[in-house]
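Scroll down for the structure; my scribbles are underneath it.
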Amino acid sequence: MTNISLVGFGRIGRDLFRQTLGDEAINIVSISDTADKANLIYLLKYDSIYGKLDAKIEESETGIIVNGKEILFNSWKNGNEANWAELNTDIVILATGKPKTKNEVEEHLSKGCKKVIVASTPENFEDIQIYVPGANDDSVDMNSSSFSLGSNTANAVAPILKVLHNELGVERAFLTTIHGYSNSNRLADVAGEGFRLNRAAGENIIPSITKSSDVVTNVLPFIKNKIASSSMTVPIPDGSTVDLTVDITKECSIEDINKIIEKASDSDLKDIIGITYDPIVSSDVVRSTLSGLVDGLATMGINNKKIKLIVWFDNGWGYAARIIDTIKKLGQVL
């Protein structure tokens with residue numbers, strides 16, 4: 001069993017907690033967050049997207065008791081405040097949603113944990129190893145002490161781009177992620193940094209900035225200088241999609257493109273990507289643990305050389321599932 005400490009108990013932290021309930025391979029020993037403990041417990045129990053948590057939850061003096069198991073709560077914000085050795089923490093999950101630096105990660109490592117997983121895109125791609133399951137497994141050193149899982153959009157598209165490149169060759173690609181709003185968006189028009197991000201997310205489609213193409217390039221070097229990305233925030237709380245356009249080297253029909261995805265999702269990338277021929281909409285992928293689900297009905301092509309894929313994903317739940325997979329892989333080398 002691998003002992004885990006969560007730093008940050010927002011969307012990703014709570015999704016990860018819910019998915020690991022009853023998992024005998026993962027033991028959450030502590031949760032660090034600056035928010036009020038009673039509020040955090042309330043948000044764990046009642047979730048506007050995933051519903052009420054099916055568990056017995058009680059507050060204790062030092063933390064929370066879930067189904068009879070006590071988990072410590074603290075307000076450690078930085079590694080210099082932590083004492084992971086005292087808690088016997090194996091892996092720290094930094095799920096604050098903010099980019100992390102090498103120094104911040106090393107602070108945690110110096111306090112007694114064995115490894116750190118950053119649940120966001122790092123501030124500097126050269127400082128922290130980025131791991132996107134299904135994309136760069138062969139080049140990632142699991143004996144390293146720190147990892148970033150990049151972005152949820154990169155996790156949705158990078159494994160698919162790798163499959164397409166191996167089978168057909170990828171000349172260039174453009175992606176637009178159509179993303180549900182998050183706590184970084186505004187409920188009403190309020191002045192702040194930038195302009196568009198100050199607008200009400202529940203009322204608008206908002207163009208925004210994404211580093212997804214940079215993450216994809218980092219894990220798939222063959223596509224360097226051949227990919228660009230954009231993002232649109234839409235007024236839904238969950239269930240996102242990527243509009244992925246790819247120029248391929250070898251000619252291929254729409255039907256064969258879908259067959260290539262089918263084959264990969266049934267073999268090497270099983271449980272990471274999938275394909276569906278049902279006429280689904282965004283709410284149908286809520287709670288999907290896949291990194292990306294290709295909409296087989298929406299696959300398009302021009303002259304068998306330019307293709308467009310629609311890739312659905314649950315931006316929080318699927319990302320948390322990949323963190324859990326990574327924890328289990330790392331648990332084998334601790």
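Backbone N, Cα and C define each Cβ position, glycine as well.
Quick look at what TrEMBL lists:
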{"type": "DOMAIN", "residues": "2-152", "note": "domain 'Glyceraldehyde 3-phosphate dehydrogenase NAD(P) binding'"}
{"type": "BINDING", "residues": "R11, I12, D33, N315", "note": "NAD(+) binding site"}
{"type": "SITE", "residues": "H179", "note": "site 'Activates thiol group during catalysis'"}
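Sequence features annotated in TrEMBL and their locations in the structure.
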residue: R11; record: NAD(+) binding site; DSSP (3 states): helix
residue: D33; record: NAD(+) binding site; DSSP (3 states): coil
residue: H179; record: site 'Activates thiol group during catalysis'; DSSP (3 states): strand
residue: N315; record: NAD(+) binding site; DSSP (3 states): coil
Query raised in the report: How far apart, in Å, are the two Cα atoms that lie farthest from each other among R11, I12, D33, N315, the residues recorded as binding NAD(+)?
Result: 21
Report summary line: Long-range Cβ list for N315 (NAD(+) binding site), cut-off under 8 Å, min separation 6+ in sequence, same chain only, gives N152, T153, H179, G180, S182, D238, G239, S240
Query raised in the report: Counting across all protein chains shown, how many other Cβ atoms sit within 10 Å of the Cβ of D33 (NAD(+) binding site)?
Result: 21
Requested in this report: Let me know the model's mean pLDDT on the domain 'Glyceraldehyde 3-phosphate dehydrogenase NAD(P) binding' (2-152).
Outcome: 94
